[in-house]
Every structure is written in C-alpha cells, then in structure tokens.
Amino acid sequence: MPPKKPEPKKAPEPKKEEPKPAPKPAEPEPKKEVEFNPASIKVEFTPDQIEEFKEAFSLFDRTPKSEMKITYAQCGDVLRALGQNPTQAEVMKVLGRPKQEEMNSKMIDFETFLPMLQHISKTKDTGTYEDFVEGLRVFDKEGNGTVMGAELRHVLRTLGERLTEEEVDKLMAGQEDANGCINYEAFVKHIMAN
C-alpha cells in the first residue's frame, strides 16, 4: 500500500458572523397631553355673557353662604347648562384629572370656572349630520340605509361616551321597523332635532 499523500491544508474558512438582528422599530413616543392651565386661557366673553354665566353658575352653588362655588362633580353639569357638550374625559382634563373621591369634596369658584368654559367652548368639535351618517354606515351590512337596532343599542351602551339602558331606550323610541332595523339617516335627523 502506497503511503498516503498528505492532504493539502485548506485555508481556514473565515468565521461567518451571525447576522445582527434587525433593530427594533422605534416605538412612537406616547403623545404627551398638555396639562390644562386655566391661567393661560384668555377669556373672550362679553360682560353680558359673563353675567349670564355667573347667574347660571350661582344656581348650582350649594355652599351655605352662597360663596359662588360648585363641586368638581357639578362642573360638567354647569358646562352643559351653558350650552356646551363636553365629554366626561374633557371635563376631567380641565379639572386637572382629580381622584374620584375628590369630585364631591373639592370646590371651584366662578373665576376659575370661566377659563374652563372658554376652553371647552373653543375646542368643541360638534359632529355634523354627515359625520354621524358616515359613522353609522359602517354598521350597514346590507348597504340599504339601515342598521340592526340591537347592534346600535350595543354600540351606544359599550363604546365611547357610554349611555345607560334608559338613555338608549329614550333615544331609540319609535325608531325600529318591524324587522328591528333602523334607517340611520332618519335616526340622525331625529337625534339632531332634539
């Protein structure tokens, strides 16, 4: 047997670097909500308007000596009595996000309330007829201008500014047809007329 020829030495293969994992996508920074500062709001109401607001505010004053103060819990009610329609989240924001237990104990005077009213009145984003119809069209599975009453009831009770069962019943009274469907264009007209 002939002697084995030594095998030529192979050049060592360069070490393959492990591929680096793809960098994590930058997480979007959570939007920092600007704290509401009543002192930064310029009150632009006329003296007559302010007098009218003061009168309405005083109707909610339950202090023993009529000190022109209301509880935090009453703030949304006063805003609504003055023609505004803020969400509960908006009311909580202008109040500085108080704890639930502070709502009935903390008080606010008229001078502090006025900038809050100004802010709410300037930022209100009232939906138009078209906005509401477009929003309900999402639930129109047949494309025939109607939505299922049961589905609309569920949405009104569980999404956004949730309504109570009684509020939903009042809102939908006489709106459903024999099949339990609601013509949503007529429904929006009905809501906006009230």
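The backbone N, Cα and C atoms fix where each Cβ goes, glycine too.
Going by Swiss-Prot, these are the annotated features:
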- 1-35: compositional bias 'Basic and acidic residues' (COMPBIAS)
- 48-85: domain 'EF-hand 1' (DOMAIN)
- 127-162: domain 'EF-hand 2' (DOMAIN)
- 162-194: domain 'EF-hand 3' (DOMAIN)
- P2: blocked amino end (Pro) (MOD_RES)
- 1-39: region 'Disordered' (REGION)
*Go through the chain and flag residues at least 6 beyond the ends of the domain 'EF-hand 2' (127-162) whose CB is under 8 A from any CB in it; none is fine as an answer.*
87-88, 168, 171-172, 175-177, 180-185, 187-189, 191-192
*With a Cβ cut-off under 8 Å, give me the same-chain residues at least six positions beyond the ends of the domain 'EF-hand 1' (48-85) that come close to it.*
91, 94-95, 98, 102-110, 113-114, 116-117, 120-121, 124, 126
_Limited to the domain 'EF-hand 3' (162-194), I'd like the whole-number average of pLDDT._
89
*Could you give me the DSSP helix, strand and coil counts for the domain 'EF-hand 3' (162-194)?*
18 helix, 4 strand, 11 coil
